[in-house]
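Feature annotations, courtesy of TrEMBL:
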type: COMPBIAS; residues: 242-260; note: compositional bias 'Basic and acidic residues'
type: COMPBIAS; residues: 881-896; note: compositional bias 'Acidic residues'
type: DOMAIN; residues: 762-866; note: domain 'Small-subunit processome Utp12'
type: REGION; residues: 221-260; note: region 'Disordered'
type: REGION; residues: 875-896; note: region 'Disordered'
type: REPEAT; residues: 361-402; note: repeat 'WD'
type: REPEAT; residues: 403-444; note: repeat 'WD'
type: REPEAT; residues: 489-522; note: repeat 'WD'
type: REPEAT; residues: 531-563; note: repeat 'WD'
Amino acid sequence: QFSGLLGTVYRRGNLSFTPDGNSLLSPVGNRISLFDLKNNKCETLPLATRLNIVCVGLSPDGSLAILIDEEGAALLVSLIGKCVIHQFYFHHPVHSVSFSPDGKKFVVTKDNLAYLYHAPGKKREFNAFVLDKTYYGPYDETTCIDWTDDSKCFVVGSKDMSTWVFGAERWANLIYYSLGGHKDVIVACFFEENSLDLYTISQDAALCVWQCDTELDGLKPMPPKDAAMEKKAAEDDEELLEEPKGEEIHGKADPSEQETRNKVKYSRVAKYFFNKEGDFNNLTAAAYHKKTHLLVTGFASGIFHLHELPDFNLIHSLSISDQRIASISINCTGDWIAFGCSGLGQLLVWEWQSESYVLKQQGHFNSMVSLAYSPDGQYIVTGGEDGKVKVWNTSSSFCFVTFTEHNSGVTAVTFTSTGYVVLSASLDGTVRAFDLHRYRNFRTFTSPRPSQFSCLAVDSSGEIVAAGSQDSFEIFIWSMQSGRLLDVLAGHEGPISSLSFNPMKCVLASASWDKTVKLWDMLDSWRTKETLTMNSDVLVVAFRPDGKELAVAALNGQITFWDHENAVQTGSIEGRHDLQMGRKELDKITAKQAAKGKSFTTLCYSADGQSILAGGLSKFVCIYNVKEQILMKKFEISCNYSLDAMEEYLDRRKMTEFGSMALIDEGGGGDEGVAIPLPGVKRGDMSYRHFKPEIRVTCVRFCPTGRSWAATTTEGLLLYSLDSGLIFDPFELDIDVTPSNIHKTLNQKAYTMAIVMAFKLNEKKLIQEVIETVPSSEVDVVCSSLPDLYVEKLLEFLASAFETSCHLEFYLTWAHKLLMLHGQKLKTRSVKLLPVIQFLQKNIQRHFEDVSKLCEWNIYNIKYTLAISQQRGMKRPSEETAGDEEELDSDSDYLM
């Protein structure tokens with residue numbers, strides 16, 4: 001199941017802090033990510049909209065969120081259950097959505113109207129989105145919303161440079177009229193705390209301060225008689241309408257004196273300008289914290305300002321990027337400020353008082369091209385077309401180091417067998433080795449003549465590095481120790497497309513567009529061992545984890561399997577139909593015709609070698625059973641129709657008598673405005689006004705632990721992992737194996753029998769209960785009497801238990817005893833058990849790193865305390881008794 005999205009942290013839309021101020025909601029394409037800033041973790045919710053999310057509304061209690069996409073389709077999402085509760089369609093693009101502070105209503109702005117809805121979740125209702133009132137007033141599109149603290153009124157800003165104050169209920173002394181004073185689009189408007197006083201901010205970096213002559217308590221309710229008459233008139237009007245609009249409320253741009261007498265009045269008391277020096281351009285985003293009177297404004301140049309209102313005192317002026325700041329949000333305490341830059345995909349959380357980053361994350365600017373798992377599965381390294389190499393932590397989903405040494409796109413990345421060195425190949429003619437201890441580029445491998453490297457491989461010892469060239473058709477071999485070029489392997493007659501080392505031997509397989517796969521023995525001076533001839537250009541080659549089989553994907557869409565020792569083909573899979581291509585908007589031919597030239601561009605064996613993953617220029621990743629040569633499952637990696645080539649057939653609604661609407665570039669000029677796509681463009685035509693990235697899978701890799709796999713796609717780095725907690729999957733189940741019988745056996749202290757029965761029922765919670773009931777003194781006896789079949793199952797359970805359990809020493813005792821007593825037998829099945837052992841090692845290593853940091857800190861504190869106490873002992877007057885000194889010594893011994 002889908003478990004996480006890495007590599008992309010923000011795309012577009014508004015950022016929102018949760019009510020406790022510790023977590024941040026960020027829209028990432030058509031998904032939503034939740035960043036837990038206190039625990040340093042990121043989670044992508046397992047739900048998606050049909051198009052990119054443009055606005056997010058979060059309820060005041062933090063339990064519900066409304067996600068609205070580009071076309072106005074909304075999802076009501078429970079953040080507790082992480083599921084979709086309701087779907088709704090607004091029929092038009094929505095600009096903003098905001099819940100009232102009491103959580104009973106929410107306002108949506110679309111076109112030039114504001115719609116007030118009853119908020120879902122407060123009472124049981126059939127329809128979660130019930131329209132209450134429709135507000136008319138602005139002439140142009142509405143842009144922003146803010147509520148008063150008591151939910152009595154809200155303010156709406158518009159592109160027509162006016163701001164409107166509306167009442168959530170009908171108030172006798174509040175007429176709805178517009179506030180002017182600006183010369184550009186209103187970007188944000190905010191009420192002062194517990195007041196009707198107002199701040200409005202426009203795109204030309206001007207701030208207006210509005211004072212109201214009435215307090216919130218001074219709003220008078222409408223007399224019941226007048227309110228009933230208005231409601232009846234609204235109901236009569238609604239009968240004639242096709243679409244219900246609720247109660248209609250019309251504001252006036254210029255009310256007469258008679259209408260404004262004894263009503264709420266606004267007066268502008270100040271107007272401030274941000275760009276006094278003239279070096280700032282458009283103001284693009286703003287946020288206001290009412291309790292601390294802190295105003296944060298972001299500009300198109302990447303600069304942001306912090307001001308204290310209402311006096312407009314500048315606190316900070318800093319630059320975080322050279323790109324436009326698209327969204328700003330402040331948490332409930334006013335300490336943390338979140339910034340989103342959609343141009344670079346940046347997400348920053350800044351603590352303004354200490355002037356430090358709480359979070360600083362950025363994805364690859366262009367699409368990711370390759371990825372690799374570390375040997376223990378704890379880290380993932382990715383390479384992108386922007387020339388960056390990033391290393392991600394799989395448990396926290398955060399990038400913790402970025403290497404920027406490459407000058408051109410990175411084509412391949414890999415880890416060495418130790419897991420502490422990352423290698424990357426690039427089109428700039430270099431292969432670089434990075435040290436994950438000191439975070440530096442400690443080796444740079446180059447060829448005698450400049451070559452663009454398209455693929456990379458490192459042998460199992462980590463000593464030999466090989467890279468294939470796409471322009472000179474040669475393979476270059478270097479020594480990791482010395483950095484010297486050892487050999488140049490020539491023989492291919494076309495660009496080298498893929499390299500792979502045999503995990504068990506020092507044999508290199510190289511694939512080329514010359515329709516051959518060559519096997520090179522690194523220990524033999526004659527090098528070439530075997531040449532396998534294919535029917536089509538070879539795109540990718542991969543060895544099985546045990547090194548006994550070779551998988552080859554060719555341009556004709558076939559995956560062939562070879563026994564490379566005897567140069568015999570053992571099987572093949574015809575995979576072209578499984579790719580299921582989509583039709584791009586600008587394609588002149590159907591998806592079925594286009595699919596004839598498509599094939600798999602990336603392959604990877606599962607950790608046990610029984611399955612193979614394959615992906616290509618499509619939204620599907622296929623997983624095949626190697627032995628049976630059948631398709632086991634197809635994963636649809638995205639349902640985001642904001643990407644190109646998602647649909648098999650073109651949308652009929654976009655077809656005209658002249659062809660597809662997408663072919664007409666509005667205002668494009670040139671040949672009668674018809675767009676001609678540039679040939680060979682991978683990411684979609686950047687010169688085109690309406691740029692749509694194309695959906696593709698560039699690389700797939702299986703985790704060495706066998707629990708998950710990852711794919712680099714247009715959307716980002718997608719992780720899929722086994723979710724066995726929801727499935728009842730018994731093993732050799734008998735009629736007597738029931739939870740009650742297991743508890744009876746436990747009470748009789750027959751621990752081994754209870755463990756075997758629990759594994760037969762295969763309920764994780766029950767297995768945990770049984771194992772944690774076993775006294776630590778009995779662990780040795782139970783491990784020795786456990787049948788061999790259940791030793792593997794217990795090891796697998798221990799590996800997964802380390803992820804969540806706090807009983808560290810207890811589970812370590814179990815793991816130690818199992819491996820000591822059954823180590824020899826397990827060694828005979830090492831290939832099959834390798835994923836489980838690596839999973840166990842990954843989780844123990846993670847705990848070791850956490851605990852060792854804590855121990856080092858404690859040791860330092862103890863040494864510091866001892867040093868202080870010894871200094872004090874030296875300063876004591878000589879007449880003090882020796883008894884005190886003895887007491888001090890005994891204290892220090894206790895601390896040690």
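Quick reminder: no glycine exception, Cβ is built from N, Cα and C everywhere.
Among residues of the same chain six or more beyond the repeat 'WD' (489-522), those with a C-beta under 8 A of the stretch's C-beta atoms are 454-461, 464, 466-471, 473-477, 528-543, 545-548, 550, 552, 554, 562, 564. Here the repeat 'WD' (361-402) has Cβ contacts under 8 Å with residues 4-9, 40-44, 344-348, 408-415, 417-419, 422, 424, 426, 428, 432, 434, 436, 439, 682-683, 693, 696, 698-699, 701-705, 707-708, 710-714, 716-717, 719, 838-839, 841-842, 845-846 of the same chain, all six or more residues outside its ends. Residue counts for the repeat 'WD' (489-522) under DSSP (helix as H, G, I; strand as E, B; rest coil) come to 0 helix, 19 strand, 15 coil.
Here the repeat 'WD' (403-444) returns a mean pLDDT of 94 for the predicted model.
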